[in-house]
Amino acid sequence: MESQQLSQHSPISHGSACASVTSKEVQTTQDPLDISASKTEECEKVSTQANSQQPTTPLSSAVPENHHHASPQAAQVPLPQNGPYPQQRMMNTQQANISGWPVYGHPSLMPYPPYQMSPMYAPPGAQSQFTQYPQYVGTHLNTPSPESGNSFPDSSSAKSNMTSTNQHVRPPPILTSPNDFLNWVKIYIKFLQNSNLGDIIPTATRKAVRQMTDDELTFLCHTFQLFAPSQFLPPWVKDILSVDYTDIMKILSKSINKMQSDTQEVNDITTLATLHYNGSTPADAFEAEVTNILDRLNNNGIPINNKVACQFIMRGLSGEYKFLRYARHRCIHMTVADLFSDIHSMYEEQQESKRNKSTHRRSPSDEKKDSRTYTNTTKPKSITRNSQKPNNSQSRTARAHNVSTFNNSPGPDNDLIRGSTTEPIQLKNTHDLHLGQELTESTVNHTNHSDDKLPGHLLLDSGASRTLIRSAHHIHSASSNPDINVVDAQKRNIPINAIGDLQFHFQDNTKTSIKVLHTPNIAYDLLSLNELAAVDITACFTKNVLERSDGTVLAPIVKYGDFYWVSKKYLLPSNISVPTINNVHTSESTRKYPYPFIHRMLAHANAQTIRYSLKNNTITYFNESDVDWSSAIDYQCPDCLIGKSTKHRHIKGSRLKYQNSYEPFQYLHTDIFGPVHNLPKSAPSYFISFTDETTKFRWVYPLHDRREDSILDVFTTILAFIKNQFQASVLVIQMDRGSEYTNRTLHKFLEKNGITPCYTTTADSRAHGVAERLNRTLLDDCRTQLQCSGLPNHLWFSAIEFSTIVRNSLASPKSKKSARQHAGLAGLDISTLLPFGQPVIVNDHNPNSKIHPRGIPGYALHPSRNSYGYIIYLPSLKKTVDTTNYVILQGKESRLDQFNYDALTFDEDLNRLTASYHSFIASNEIQQSNDLNIESDHDFQSDIELHPEQLRNVLSKAVSPTDSTPPSTHTEDSKRVSKTNIRAPREVDPNISESNILPSKKRSSTPQISDIESTGSGGMHRLDVPLLAPMSQSNTHESSHASKSKDFRHSDSYSDNETNHTNVPISSTGGTNNKTVPQTSEQETEKRIIHRSPSIDTSSSESNSLHHVVPIKTSDTCPKENTEESIIADLPLPDLPPEPPTELSDSFKELPPINSRQTNSSLGGIGDSNAYTTINSKKRSLEDNETEIKVSRDTWNTKNMRSLEPPRSKKRIHLIAAVKAVKSIKPIRTTLRYDEAITYNKDIKEKEKYIEAYHKEVNQLLKMKTWDTDKYYDRKEIDPKRVINSMFIFNRKRDGTHKARFVARGDIQHPDTYDSGMQSNTVHHYALMTSLSLALDNNYYITQLDISSAYLYADIKEELYIRPPPHLGMNDKLIRLKKSLYGLKQSGANWYETIKSYLIKQCGMEEVRGWSCVFENSQVTICLFVDDMVLFSKNLNSNKRIIDKLKMQYDTKIINLGESDEEIQYDILGLEIKYQRGKYMKLGMENSLTEKIPKLNVPLNPKGRKLSAPGQPGLYIDQQELELEEDDYKMKVHEMQKLIGLASYVGYKFRFDLLYYINTLAQHILFPSKQVLDMTYELIQFIWNTRDKQLIWHKSKPVKPTNKLVVISDASYGNQPYYKSQIGNIYLLNGKVIGGKSTKASLTCTSTTEAEIHAISESVPLLNNLSYLIQELDKKPITKGLLTDSKSTISIIISNNEEKFRNRFFGTKAMRLRDEVSGNHLHVCYIETKKNIADVMTKPLPIKTFKLLTNKWIH
C-alpha cells in the first residue's frame, strides 16, 4: 500500500506509532453525480460518520456523535485559539430575511464558528456579509491550522489542490422552485468543488475522501441557507432539516442518489445485455458484477428470472467459456448459481494450469526467495512499545502485534494493544509489510522465515488499514468493481474485485461484522486490527486472545512462525459458492473436484454417503481421492438448509423449573377439544380442560361453541373456584395459539386479573404436552366408557366428567400421591361411585296418572357436581336427571343395546307414558340438516363441505352387525311382548370380513320368504327385510324380530269370521333357491287371479264384457259412433290376444275376499279393482307376477363400519310423519365451487380448462359493464342489507365444455332488495313437448339458439353492491351492480321482461296467453328457457330473420340451425332428440344417464340379468318405527335426495312409465329404511339398464285436418298412507305421449269411484290449457277426449241424478266435471283396464303387464 510519511511539522504526540502498512482511497476527479445508484446508499450516513470514530483530543475537533440533537452545546466544540478564524459569528436578521431562513433565537442553536468567505468568492454586494480570509492564508480550505493537531500535506499536494486567489468562484443561483432542486444541487456541488471543498463530497465509494472540519460545516450550512430558501425546498429536504438543520451532507447524498436512479435501470439492462467474459478477469469479479446488477434491478422493481439471466450470461461468454452455451443449452431448470459454478470451475482450472507452467519454469530455490519484505531505500525508523529494550531487530516483516495504522481511517488508541513482551521492531522502510502480489509479476526478496504460513487462519496485521481476503466464500453483501485503489509497500497496485462484509461468530455467541476487500493476488488473508478496534475488539498478546474492552474473551490467537493468526472457523460463510483463488503454488499436479460441486451433482447427499459410495465403486469415473474433502466437514449448503429444514426436537424436562417456582394452583395448563359432529343441539360439542402444574388436579367444562364470551365465562368460573376453594391466585396460564386464546377479549381479562398468558411456540405441540396428553387420556376413557355401556354418543361429555373424577383420585407413579391428595382433599369414596352406564331404576315422583308405574329405567353417569345425588340418563324421556331416588339393578347387563327394559317392566302404561316423546323430528330441523351451505369465494376461511362422493366414502367406514340366527318358530314367548324396542346388537359379527364389507358386484338373489307351510294353510307373512344381509351368503335368514310385529297375528288356519284387517300376502323378491322359491306353472298362476268384491257404489255394468269400448254421449253433444272410435284409433294401446274364460278351482272359490282398506304404505295397488291381486303359493309364475331382483343390496351396512364404534344418538322416524313432512324433492347441487374446481382440483387438464373458463367469464363481465368500475365503496359506508355476497361456480356442460359463472348469493338476499311480486318464467315442459309434436306433424324446421350471458343484458333497478371478484384483491371494497347478475332474486324476472319486450316490439311476436315464454306469430313459434331458444317454423328463412334481429341486440349463438333433411340430433333442455323432418322424432337421455348414474356411487349390476320392471307388485313398505343413528339418518336422507332427484328429472322429461315409482319413493325420502333404499336402488338399476330407451313419435296421418288431444286417467284406491289413493294421467297429442302425471290424492277416497273421479278432475284443467295452446300454435280444429276404465265414474259424469254424490267433496268435483265435459266438448270414453296405459302411473305391475302397456310408446 502507499506509504504515508509523517510531516516534519507534526510532532509525534501521545506516543502514537507510525503506520507501516495502510490502504488509501485515492482521491479521484470523478464527478460525484456520475456514481452508481447502488453505490450511494451509504451516502446518507456521511455526516453521521464524520469524526465519529476519530478520537477527540484538545488539539483536534470533532463533530458531536449525536448530530441529530436539536440543540448541541457550544462547549462541546472547542473553538480555534490562534487560527485564522478569531471569532464566532451567526447570521443576522437581515441575512435571514434575504435567505428566507429564520433567525437563530439562541446562540446555542448555531454553535459552530462561521466559515469565513473565501477571497475567491466575491459576489456582488456580499462583501458586507462575509468576512474575507486573511491574506496570509495560502492553503486550500481543508488544510487545518497547526494547532489543530493534524498534519499539513506536503507542498506538492497543496499545490495541486490550491486555487489561485486571484480567481473568483461563481456562486450558484438562488433556488426558485422545488422542482428545480436537483438541478440546483448539481450547480451547488460544482460550487463546492471550485471552492476546494470537493473532497468532502461523497464519491463513488459512498464516502468522502476526508472529513470536514467544523468551519467547513458552518460554511456549508450558511451557503445552503443563503442560496436555497426554505419555501422552495422539497418536502423530503424539509424532513431532513427538521431533524438536523446542519445535515447538509445527507441532503446532497440523497440528491445524488435520486439523480442517478433515473438512469441506473437503463444502464444496468444495457450492461446486462452487453456482457463479455473470456476468463481474463477473475470469475469472482464477473459473478459479483452480474449479481450486483440483478439485485439492483430486482430492488428497482425489474425482476430478471433465472432463464433470462442465464441467457444474458451465456451470450456474453467467449473463448474457452463458449462451450458452456452448448453444454447448458438444453438444461431446463438452470439457475444463475449453477452457471457461475461452471464458470468458476473453468476459471480455476485455467489458473491451475498457469501455475503449473510457472512452477516448471522456476526452480525451487527461486521460490524460496519470495518474501514479504522489500529493499529498504529510506531511513529506517524505530517504532517501539518498550523504550527500554534495544533496537536489535533485523530486516524482516513487521509483526502484527506491535504496529498500528496512522491514516485517515480511525485508529485504535495505544491502550488497545496491551502489554507486548516482544522486542521493538526496526522498520527499514515506512511500511515494511506488504499485502502480497501475483508471484508472476516480480521477484521479491525473502527472509529466513520460510515456514510462516498457517492454512485455515487469518494473519493479524496491525499495520493494515483494510482487511483483505482471497476467497469470496466468506464475503457477505458483496458488490463488484469498488472504486478503491490499494497499493503495497512498493507502491504497486493490488486489484480489488469486490467489497463486502466479513462476519464473525465468536465464542460468546455474538456476531460482529467488518468491511473486507476481496483480491486473489495476496499471499495471506490479512485481518486488520484497526478495523477490529472500530468494533470494540482488541488483541491481547499476553493472553494470546481477542477480547472486548470489558474483558470478554472472543477467540484465541495462535502464534505460528513469527506471526499471529486467528482461525477461520469463526467466520460465517456466505451464500456465494466461489472456489478459493490462491496464488501460492501447489505441489499437486492433478486437480481435485471441490466437494461442493460433487455434493450438488449427487443430489445434495451428505459427505459420509458420498465417500462410502466412492469406496465401494457404486459411482464410477472418479475415485475418492479425486475429491477435495477438506471443506466437507464444515461445509454448509444453503440449499440443503432450506430444503431439508426440520423442526427441533422438544427438550424433555423443560418444564421442571416451573414445578419448583410455583405453588399449587398458580400455574395452569389449558386446552380445548372439539368439535364433535352429528350431535343434538342440546349436547356440548367441545370441552375445555385445565390442569394444575404442581398438583396435576384437573377440571373439565362443557362448551357448545368456541366464541369469546363462552371461553371468558369458563375462565371466570375456574379462577373464582380456585380463589375461593383453595385460597390461591392463578399467576400463569399456558395455552396454545388458537384464536379462542389469543383474542383481545381474553387477553384484556387476563391482563386485568394480573395473569400472564404463556403461549406455545409455533409448530411445537409437545411444549403443550400436559394439556394435550390429558385430552387424549380423557378421550380414550370416553370411547371406552361409551363402548362398554352402549350409551348414545351425545352423552360423551358425561363420560369425560366421570373419567376426570376418577383420574383426580388415582395416584401418580412419580409422586406416589393422587391429585386430590396434593390439593389437600380427601380420597374418593368408591362406595358412592357407580360404573359408568350402570342400569338403575329411577323413581318417577311426578307421574301422569296414579295407575302409571313409578319406576323409569335409566343409566348412572357420574356423581353430581351440585348436589349429593347422581346424574342418571333416562332413555325413554331422552333427558338426564340429578337424583338420589334410584335402585341399582343387580345382575343385569350394563349395555344399552343388550338390555330389554320393556321386557323388564311388563307394563304397557310406561310406553303410553313416554309415547308423546317419540314424535317425529320437526320438519324445520330436517330441512336444516339437509341444506347445502354454499359459501362465497370470499369466505375461503369457512369450512368446505364434503363432496357427496367424499361424504359417502367417509360414512362408509361403519358396518352394522348381522343377525345370523336361523329362523325360529313362533312360540308363545314371541307373542308375549308386542311392543319391544329391538336394538341391533353392538358386537361385531364374526361373519363380517373384507369381502362382505366392501361393495359387492352382485346382490344376493334370494330374499326372505315366509314359511311355506303356514302360507299354504292360509297364514300370511309380511316381508321384513333384515337390517344386514351378508353379501357373501346366498340366502338371507328371517329376522329374529319379524314375529314380534304389532300388526302380525299368527294362526294355523284362516277363519271366515275374522274381522281384523289382514296384510296382503307378499310375493317373494325373486331368487333361484329351489327350497325357498318353488317353480309354478302358468295354469296355477292363472288361478290366483281374484276378482275384488264390488263396492257399494259400483255399478253392475262393470261386470259386463271388458273387450269393447262403450261410447258415452253427453247431454250437450251427441257425436256419432265413429267419433269415439277415432279418438282411440291412433293411441299406442296394447294389442291383447283373445283369452278363453277361465274358471277358478274350488279352492280358489272358497277363499274369502281380501279387505281392500290397507293401512300400510305399499308399492302395490292391492286395493284397486283393476289390480292383479296375488297370494303366496308353493308355485308361482316369475314372468307374470313379480319383478326380477338379482342383487340384494344392504343399503347402509355394506360400507359401514359403524358397529365398530361406540353407540351414537338415534332418531326414531315414524313412517306417516315422514311421508307427510316431504314437501318437494330437494335439487342436488351439480356445480363446483372455486376451491373444488381450481384450488384443490388434482386433475390438471380439467383445472386448466376451468381456469380458462374463469378468465372468459371475467372478461365477459367487464365487457357487459356488470358493475360500476369508476368508483369503489368502503364496506363500512354501505347498508349491510344491500351488500350481496358473490361466488364463482363451475360446471361441465353436456357437450363437454367447461363453464364458469360469477353469481350472487341470492339465497341470503334481504327481502327489501327485490320485488317479491316479480316472477322469473321459463317455458313449461308440456309447452315444449306440444311444440315438438306439432313440429313433427307439420314438417317444421327446428332451430336451437343460445344467448351468452343473458342476465347481464338486463339492467337492475335496485341499489345493490357486491364484493369484487377474488382476482382483483379488493376484499374490503364494494362495487355497485349495474346489471342483473346471475343468482339475484330479481335477475330472472328482469331478463324475462327485457327479452319479452324485445321479442314483442322488435321481432313482431306475441306471447301465448297462459303459457309464459311461448311466443308466436303467423310464421314462427319460439319457446324460451332463460337463455336457450327453440324456434319452429314452416320456412327456415323465417327463423333466420328472427336470428338476425336477435343478433342486433344480443350475443346470439346458433347451436343447431336444423336445415338438413336427414336425421338431426338436438340437445334441448336435457332431452337428446333425434328428428327427421316429416318422419319421426325420438326423445331420450342415454348419454346423460351414462355419465351421471355412475357418479351416484350406486353399486350397479352390469353383468347380471337385467331388471324387467322398475318394481315388484305386492311389496309393502314396513310401517314399523325406524330407529337410526343421527349421522346415519342424515347420510341416508342425503343419498335418497340424490337418487330420487335424478330419477325425478328423468321421469318428468320423458320416462313417464316410472313416475309412479318415483313419486312413491319421493314420499319416503325422510323414511330411509333399508327397504326403501333397496327399492330406490332397484329403480336406479332399472333406469341404468333401460337408459337407451326412447320416447318414440311418428308423424300422424289424420283422416281429417284436426288435432286430437286425449288424456287417459286411472286411480289406485287406498294404497297410500292415510287411505290416500294414487292417481295418474297420461296426455297424448295426435297419438303421441307428451306428458304424464302420477301423484297421491289430496283427499281421502272412500271408494274406487271416488278415486277415479278425483283423477279425472285433476286432469281436465291441464287438458283445457293444452287445448288452448294447440289452437294458438296450430290453427286447426281440435278434438278432445277423456278415457277411463271406470264405468261407474262415467255414469256419474253423464248422469243428472245427484243422489250418487255421497259427500260434498266428491259431489262438488263430479258436478264440476259435468259442466266441463259439456262446456268444453269433451268426449268421455271407456277403455279396458288391460289397455289402459295410465295403469303404470298408479301401481306396480307384473313384468308381463308392464311390458304390454309400455312397449308401444317407449322402447
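Just so it is clear, glycine is given a Cβ too, placed from its N, Cα and C backbone atoms.
These numbers come from a predicted model, not from an experiment.
Together with D1427, D1428, Swiss-Prot lists one candidate of D1337, D1346, D1355, D1372 for binding Mg(2+) 2, that being D1346. Of the listed segments 583-640, 757-814, 1569-1626, 1627-1684, Swiss-Prot assigns region 'Integrase-type zinc finger-like' to 583-640. Highest local Cβ density among the binding-site residues D1428, D1685 belongs to D1685, counted as other Cβ atoms within 10 Å over all protein chains shown. Comparing the Cα of D1685 (Mg(2+) 3 binding site) with the Cα of every entry in D461, D1346, D1427, D1428, these being the recorded positions, the smallest distance points to D1428. Recorded residues D1427 (Mg(2+) 2 binding site) and D1610 (Mg(2+) 3 binding site) have their alpha carbons 37 Å apart, per Cα-Cα distance. D1610 (Mg(2+) 3 binding site): 31 other CB atoms within 10 A of its CB, across all protein chains. On a Cα basis, D1610 (Mg(2+) 3 binding site) lies 40 Å away from D1346 (Mg(2+) 2 binding site). Distance from the CA of D1428 (Mg(2+) 2 binding site) to the CA of D461 (active site, for protease activity) is 89 Å. Around the Cβ of D1427 (Mg(2+) 2 binding site), a 10 Å sphere holds 19 further Cβ atoms from the protein chains shown.
Here the recorded positions are D461, D1346, E1652, and the one whose Cβ sees the fewest other Cβ atoms within 10 Å is D1346. In this structure, the CA atom of D1610 (Mg(2+) 3 binding site) is 35 Å away from the CA atom of D1428 (Mg(2+) 2 binding site). Summed and averaged per residue, pLDDT over the domain 'RNase H Ty1/copia-type' (1610-1752) gives 84. Mapped onto three states, the DSSP output places D1427 (Mg(2+) 2 binding site) in coil.
Summary of the Mg(2+) 2 site environment: with the site residues D1346, D1427, D1428 set aside, the chain residues having Cβ atoms within 8 Å of the Cβ mean position are L1345, I1347, A1350, F1425, V1426, M1429, K1453, I1455. The DSSP secondary structure for E1652 (Mg(2+) 3 binding site) is helix. Cα spacing between E1652 (Mg(2+) 3 binding site) and D1428 (Mg(2+) 2 binding site): 39 Å, rounded to the nearest whole number.
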